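> Below, the features straight out of Swiss-Prot:
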REGION    1-78  region 'Disordered'
COMPBIAS  18-27  compositional bias 'Basic and acidic residues'
COMPBIAS  45-57  compositional bias 'Polar residues'
MOD_RES   SER47  phosphoserine
MOD_RES   THR85  phosphothreonine
REGION    93-421  region 'Flexible stalk domain'
REGION    114-134  region 'Disordered'
REGION    256-293  region 'Disordered'
COMPBIAS  276-289  compositional bias 'Polar residues'
REGION    314-457  region 'Disordered'
COMPBIAS  329-341  compositional bias 'Basic and acidic residues'
MOD_RES   SER343  phosphoserine
MOD_RES   SER345  phosphoserine
MOD_RES   SER356  phosphoserine
COMPBIAS  365-376  compositional bias 'Polar residues'
MOD_RES   SER373  phosphoserine
MOD_RES   SER385  phosphoserine
MOD_RES   SER386  phosphoserine
MOD_RES   SER397  phosphoserine
COMPBIAS  439-450  compositional bias 'Low complexity'
Amino acid sequence: MADHNPDGDPTPRTLLRRVLDTADPRTPRRPRSARAGAQRALLETASSRRLSGQTKTIAKGRSRGARSIGRSAHVQARGHLEEQTPRTLLKNILLTAPESSILMPESVVKPVPAPQVVQPSRRESSRGSLELQLPELEPSTTLAPGLLAPGRRKQRLRLSMFQQGVDQGLPLSQEPQGNADASSLTSSLNLTFATPLQPQSVQRPGLARRPPARRAVDVGAFLRDLRDTSLAPPNIVLEDTQPFSQPTVGSPNVYHSLPCTPHTGAEDAEQAAGRRTQSSGPGLQNNSPGKPAQFLAGEAEEVDAFALGFLSTSSGVSGEDEVEPLHNGVEEAEKKMKEEGVSVSEMEATGAQGPSRAEEPEGHTQVTEAEGSQGTAEAEGPGASSGDEDASSRAASPELASSTPESLQARRHHQFPEPAPPPGAAVLSSEPAEPLLVRCPPRSRTTGPRPRQDPHKAGLSHYVKLFSFFAKMPMERKALEMVEKCLDKYFQHLCDDLEVFAAHAGRKTVKPEDLELLMRRQGLVTDQVSLHVLVERHLPLEYRQLLIPCAYSGNSVFPAQ
């Protein structure tokens, strides 16, 4: 058909022309149709040929009107067969193939648009369309083959989409999704792995920080709060150290919510006695700052007088009204004793350097007697005798000693040891305080060796339970003797057998292996049931410890080696 130069470049066109020159110009017969005709000739007989001739004549008479349609269909089928021959396929390839060399491809290949050829099926038409579209998606020859993997291709496409969104200054969610063209593909493959800087225009709501909520300053509210705090009394502002808000002037005070008890004459007497003790206490401190023992004695007398006056004033009140003043008076006495104890500790710190502790004990007792008589006279009032004062002071002193805290009394006795007063001294200093409740130490338990139970007795009870279990009925205590005899007889037979076995084998000592061999001959020990299994199953704990070494605490193994 065409001249072919053997020295020229082996292009697809030249190769196809050689194939066409050497191929048979006739359309080859299909082997399937040939096989079908041969089978049909073998199966035909005389009767079948006669019937087929009749059917053919009938079919010809009926199909005369449709011969034109059949002829056109036959022509189309014939053309259809001609299109499927290798010659027609190669002609179509020659029409669409470019004139280029296989060994030296050109840099840019632009396919020539071929005329549309009617394809016989959809599959072949799709193949032809793919052949036409493949040269458009050819990547550059400088790319590595490993970068064309499908998984990595998706990643590069994502990078290209991100780069395109950054270049356009649009958020990634608004970018249209679709297949990228060849230019975006090559640009994504040529990207470096450095992370690009994110511009201000790209909004990432997941990573953006929440703006701080700043409230505008309300000048009116600030001035109102300032006015409320300025109108509040200073003592409430200083005393209120709780973590909640300060009480304003218009708000109800916390202290008014507490129940207030009506004032009685007994409470007035308490307040008066408290004022007298407070006024007399600082005077004593100013007069004799270097005499702590004298100060303590006078203080005790004042508290005694206060308690005596309180009892005398509250004697005419009813039972319920009498309990509350007593409780309040005891609480006030405790508070005063604590405050005076703090002042005493300060006095000790200031006056410990001077030699004031070497005073005579007689002077101390005289001062305490004088001050005690003055305090009792003020609290009792005119018309009371000295004997009544002594009796009332003796009655009130135990209550006062019990009301004062024990830790404060111990600290005072430890700091200021009072000298021994003469027999005519004050009653409070001579009477001892109530003894404190001292807990007895727990008795130390003797940690001796625990008494071990006799394994023989424990074994007998175990065997009794075992016998009753296998007998499936309870057993009386009288049967225990018979069980014990059976056990003795069994162990006696076992020992005799061991002795005979040892004498026959020439052994001087019997080992566990010998016993296991004997019990294996008797049928008690088998491959499935070993000697240890029998011991664990049938012997009590005491015997098991003797036969099988058991580890105990203290790194000691029983039995000891």
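A Cβ is built for glycine as well, from the same backbone N, Cα and C atoms used for every other residue.
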> If you count Cβ atoms within 10 Å of the Cβ of the residue listed as 'phosphothreonine', leaving out that atom itself, what do you get?
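For the residue listed as 'phosphothreonine', the count of other Cβ atoms within 10 Å is 15.
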> Look up THR85 (phosphothreonine) in the DSSP assignment and report helix, strand or coil.
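Assignment for THR85 (phosphothreonine) reads coil.
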> Quick one: mean pLDDT on the region 'Flexible stalk domain' (93-421)?
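54, rounded to a whole number.
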